[in-house]
Amino acid sequence: MARGDYDDEEEHPPLLQTSNHNLTGTVWTAVAHIITAVIGSGVLSLAWSMAQVGWIAGPLSLLLFAFFTLVSAYFICDIHLYFNPDNGNTTMNRSYLQAVHTILGYKNGVVCGCLLYFSIFKTGVVYTITSGISMRAIRQSNCYHEEGHEAACEYENKYYMLMFGIVQILASQIPNIFHTKWLSITAAIMSFTYSFIGMGLGLAQVIVKGKIEGSIYGISTTNPTQKVWLVAQAIGDIAFAFNFSLILLEIQSTLKSPPSQKVTMKKASTIAILTTTIFYLCCGGFGYAAFGDSTPGNLLTGFGFYEPYWLVDFGNACIVIHLVGGYQIYSQTLFAIVERWYAEKYPESTFAKDVRSLKVSFLPEFRLNPLRLCFRTTYVVLTVAVAMLFPYFNEVVAFAGSVIFWPLTIYFPVQMYFVQKKVVAWSRRWIVLRMYTIFCLIVTIFTLAGSIEGLIAKRFG
């Protein structure tokens, strides 16, 4: 076997496997991490998205983006270990950014870094908005139950975003992603729980009505241009719902071997995407079937459901708990990149050294340092500030999904695959993947235009 053809981590030089005995991740912890990252706020908008495009295009769009995500995941799994023919070295890529920099070069690494940081930041903003809406919905649900469905139960969202931010400032002091396994498992359980609640309430509504709402073409509008923008936003929402490529290599780096980390990660990706797609189809389908053209933008907070109020409250509480974990899974990636850069840039600095241990209740003990405290707190404050400035759920979700979908989920993974597998230009595989890339670019431009129009209309309307 040629040196560049290694498939299993155990076949690589000893340098790459010295820390394997410290790794404890399995296919199921990887699935938990992925589900925590994927099933987030995006699932809440899928019924609204399906209402915009109808019964045929809705499910097909979900299946198409699931396929895109799985292809991307497989490409990324393959570049966890990269053999460089120029110097004969094999590199273990522990992050998406490192992989792009190593395989595609410095300039691509800079562009990817900017997009990566933006992507993680916008995910934090979306999770902050969603958590604030869900916490407010709990109070509204109780108000409607006590005062009646026509009562004026409107409350400011910003205070709940501030509460979420305070929790994240504390949770952000967790040192790294290796210490978040318990958080991911809890969050994954919560995501299943509120998905089942959304599906159950939608199905119950259909049974009570005795008919399935909706149409093949989705909602009708008086202005054809408005319909186009709504379809674009809907597709952007779906794109956001399938988004975990950025943290895949971090998750893969936590897996023990044998079996190969690549084999385990591909299996975990397949299980996780299949599971989430089924949930998405059920959540979006049952929600649209229940409400048709009046489907709310956020299934559990738009108050298509008033009763049983305690179940709506519980579902929203699960959303908040899940997003606390999801926020950390994404943010820990950015924290690690910045803090690693600082430690390499200023190796003698005491600002990045641990100063004391902290033990809070049932949480594991961890150590504080000034850099972690200052940088991570500032980061959380900024995500909360932007969320309070643009608290528009569907529009922000669509923008977040469309702005980085093509470069980070499609373009860079395909380019790295070309280099890793030495794909010859104008070969059949090269042509197919180029057509695939161009098609996804066209879809991305369309959804981005729609999301920007929606944001401008909401903000300056």
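Any Cβ shown, glycine's included, is placed from N, Cα and C.
Database features (TrEMBL):
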DOMAIN    24-456  domain 'Amino acid transporter transmembrane'
TRANSMEM  27-48  transmembrane segment
TRANSMEM  60-83  transmembrane segment
TRANSMEM  103-129  transmembrane segment
TRANSMEM  182-208  transmembrane segment
TRANSMEM  228-249  transmembrane segment
TRANSMEM  270-289  transmembrane segment
TRANSMEM  309-330  transmembrane segment
TRANSMEM  373-393  transmembrane segment
TRANSMEM  399-419  transmembrane segment
TRANSMEM  431-452  transmembrane segment
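Counting Cβ pairs under 8 Å to the transmembrane segment (182-208), the top-ranked stretch among 60-83, 270-289, 309-330, 373-393 is 309-330. Under the criterion of 3 or more C-beta pairs below 8 Å, with sequence separation of 6 or more, the transmembrane segment (103-129) and the transmembrane segment (431-452) do not qualify as touching, having fewer than 3 such pairs. Residues 68, 71, 228-233, 235-236, 239, 395, 398-399, 401-403, 405-406, 409-411, 414, 417-418, 423 of the same chain, all 6+ positions outside the transmembrane segment (431-452), place their C-beta atoms under 8 angstroms from a C-beta of that stretch. Counting only same-chain residues 6+ beyond the ends of the transmembrane segment (60-83), those with a CB under 8 A from a CB of the stretch are 3-4, 6, 9, 12, 16, 46, 49, 53, 89-93, 96, 99, 102-103, 234-235, 238-239, 241-245, 248-249, 252-253, 261-262, 265-266, 269-270, 273, 276-277, 280-281, 284, 409-410, 413-414, 416-417, 420-421, 436, 440.
Here the transmembrane segment (270-289) has Cβ contacts under 8 Å with residues 27, 30-31, 34-35, 38-39, 43, 46-51, 55, 58-59, 62-63, 66, 69-70, 73, 192, 195, 198-199, 201-203, 206, 212-214, 241-242, 244, 295, 299, 304 of the same chain, all six or more residues outside its ends.
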